[in-house]
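J.: Following this message is one structure expressed as structure tokens.
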Amino acid sequence: MISSVCVSSYRGRKSGNKPPSKTCLKEEMAKGEASEKIIINVGGTRHETYRSTLRTLPGTRLAWLADPDGGGRPETDGGGVGSSGSSGGGGCEFFFDRHPGVFAYVLNYYRTGKLHCPADVCGPLFEEELTFWGIDETDVEPCCWMTYRQHRDAEEALDIFESPDGGGSGAGPSDEAGDDERELALQRLGPHEGGAGHGAGSGGCRGWQPRMWALFEDPYSSRAARVVAFASLFFILVSITTFCLETHEAFNIDRNVTEILRVGNITSVHFRREVETEPILTYIEGVCVLWFTLEFLVRIVCCPDTLDFVKNLLNIIDFVAILPFYLEVGLSGLSSKAARDVLGFLRVVRFVRILRIFKLTRHFVGLRVLGHTLRASTNEFLLLIIFLALGVLIFATMIYYAERIGARPSDPRGNDHTDFKNIPIGFWWAVVTMTTLGYGDMYPKTWSGMLVGALCALAGVLTIAMPVPVIVNNFGMYYSLAMAKQKLPKKRKKHVPRPAQLESPMYCKSEETSPRDSTCSDTSPPAREEGMIERKRADSKQNGDANAVLSDEEGAGLTQPLASSPTPEERRALRRSTTRDRNKKAAACFLLSTGDYACADGSVRKGTFVLRDLPLQHSPEAACPPTAGTLFLPH
């Protein structure tokens, strides 16, 4: 092994590969004796490597451990701390309560210089581990970058769907999940003074608004909301059915209308025919419009954000579909020509009622998935349109000139024997042919035109078939994510212990009351001046936020009471946070965990493993005396 290392140092020189000399062997043996091995225990798995290997990536957490001059090696009474059972000056062992499988890839990155992403580890977990070890996510190899990015795409897709967390019973929002949403709605609707004494105040008056909003907006919030949703669905179907039946001859009545017009002393009689709809359909449509009007008014009065409500496309469709009915009722008694023109225009606008079918997206997940798929596949649709436009332009021009080849000499324009009189008409034929519809209204009649038609059909099949699989894959991905989120069980609130406050008597102390086991005395002023922050990793599996770091700037806010549970918006924002944002905070933070640590005398004590961010001008000994289980890292 030593000779191979020595030989590798000679490779690449002009003189070629030389055999190692005795001097080289002695130097390499001296280096091997001088280099110290380091043992890193991660989650119970011991990894052994050289300090020189860890120094390949300076500025990372493992590089700090390998630096003996920067306080990376814990010391007790000036001696090195080895693992229990090893000599005091031998290999030094450090313990980290992290994922051992991911650390193997991290350590291999130090050895080979290539960072690969494990396929059996969830993306957010690998992202958190990279943040903890101080490795930038951009160092991931290109072959693993797609695997690494999949979790972010999945998280963004999950955030798009606002599917409820309700169970199959159909009951209202229960326990903490419903309370969080109601509290969030109250906060959006205005200042809520939740007290018994304020029941008649503004808080009491606004307390019904989120309930009414959930009743008409969220079909899964309660049983009453489901009843309202089914009623709305019933009226939508009835309105669309009525709209379609109005065009059938069986429900149309022809009337002869006589008009007497007087212009000065001249009186004229005009007869005209009008088509009226059966009164029963008009009454049914009136009942449906009354329901939609009530629903629209309740939702706009109780909405948390009026601006967002007005900008919603479905709400605009509701308003445009309701307005023509009232205008028709108001103008029906007028017989002037202007009133008849307005009524004719309103009858044309009534087709907007058919767009109410899109309100079914609140009740059917598949329709929501289709809408999100269309929005997510915008680039593919643009690519499809560009391909189709290029093909239409090319083949319409080719078919026009190909049909001119068989023209007779007596026909200078060449239009007598073909339907392709000009290139714009060829656009229609090219679109129909490329989309494989083939209506048969236009077709080539010459052998050259038939050849162009065959090429156009083949090009259409190949062109349209390319973007379609991408759109289908997007639909499958969104649908599977939506189904998974619907079946996701409710998350109960978990108790998260608050971090130790700066003025707490237990701050910066170990679990035992012995002075020699404490990592720092509570009377050490330099530590407080530097704003050292501690954080217990009490629940490392709660929503993936247990490893969120706290910066020194947030140290002043630790003395204030913390919320017991983040709001749904805060949880969504934390889940969407990127690694780079967290790396900025992690650069000025440290991790605190408790465990057993081996001392120089061979005994095992309870201690605290602390990583602190200290400036270079202050030595670690000035901030806190080195004790067993304490590790100081330079800035």
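Please read every residue number as a count from 1 along the shown chain.
Placement of Cβ uses the backbone N, Cα and C atoms for every residue, glycine included.
Quick paste of what Swiss-Prot says about this protein:
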TOPO_DOM  1-226  topological domain 'Cytoplasmic'
REGION    1-24  region 'Disordered'
MOD_RES   Ser8  phosphoserine
MOD_RES   Ser9  phosphoserine
MOD_RES   Ser15  phosphoserine
MOD_RES   Ser21  phosphoserine
BINDING   His116, Cys122, Cys143, Cys144  Zn(2+) binding site
REGION    160-180  region 'Disordered'
TOPO_DOM  299-312  topological domain 'Cytoplasmic'
TOPO_DOM  365-380  topological domain 'Cytoplasmic'
MOTIF     436-441  motif 'Selectivity filter'
TOPO_DOM  473-635  topological domain 'Cytoplasmic'
REGION    490-580  region 'Disordered'
J.: Should anything in the same chain at least six residues away from the motif 'Selectivity filter' (436-441) have a Cβ under 8 Å from its Cβ atoms, list it; otherwise answer none.
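T.: Beyond its ends, the motif 'Selectivity filter' (436-441) has Cβ neighbours at 419, 457, 460-461.
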J.: What mean pLDDT score does the topological domain 'Cytoplasmic' (473-635) have in the model?
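T.: Averaging the confidence scores along the topological domain 'Cytoplasmic' (473-635) gives 45.
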J.: Which has the fewest other Cβ atoms within 10 Å: Cys122, Cys143, Cys144, the binding-site residues listed?
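T.: If we count Cβ atoms within 10 Å for the binding-site residues Cys122, Cys143, Cys144, the smallest count is at Cys143.
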J.: Sort out the sequence-distant neighbours of His116 (Zn(2+) binding site) for me: same chain, 6+ apart, CB within less than 8 Å of its CB, listed by position.
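T.: Expected: Tyr105, Asn108, Tyr109, Val140, Glu141, Cys143, Cys144.
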J.: Tally of helix, strand and coil residues over the topological domain 'Cytoplasmic' (299-312) according to DSSP?
T.: 10 helix, 0 strand, 4 coil
J.: On the DSSP side of things, how many residues of the motif 'Selectivity filter' (436-441) fall into helix, strand and coil, could you say?
T.: 0 helix, 0 strand, 6 coil
J.: Does DSSP put Cys144 (Zn(2+) binding site) in a helix, in a strand, or in coil?
T.: helix
J.: Tally the residues of the topological domain 'Cytoplasmic' (365-380) by DSSP class, grouping H, G and I as helix, E and B as strand, and everything else as coil.
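T.: Helix (H, G, I), strand (E, B), coil: 15 helix, 0 strand, 1 coil.
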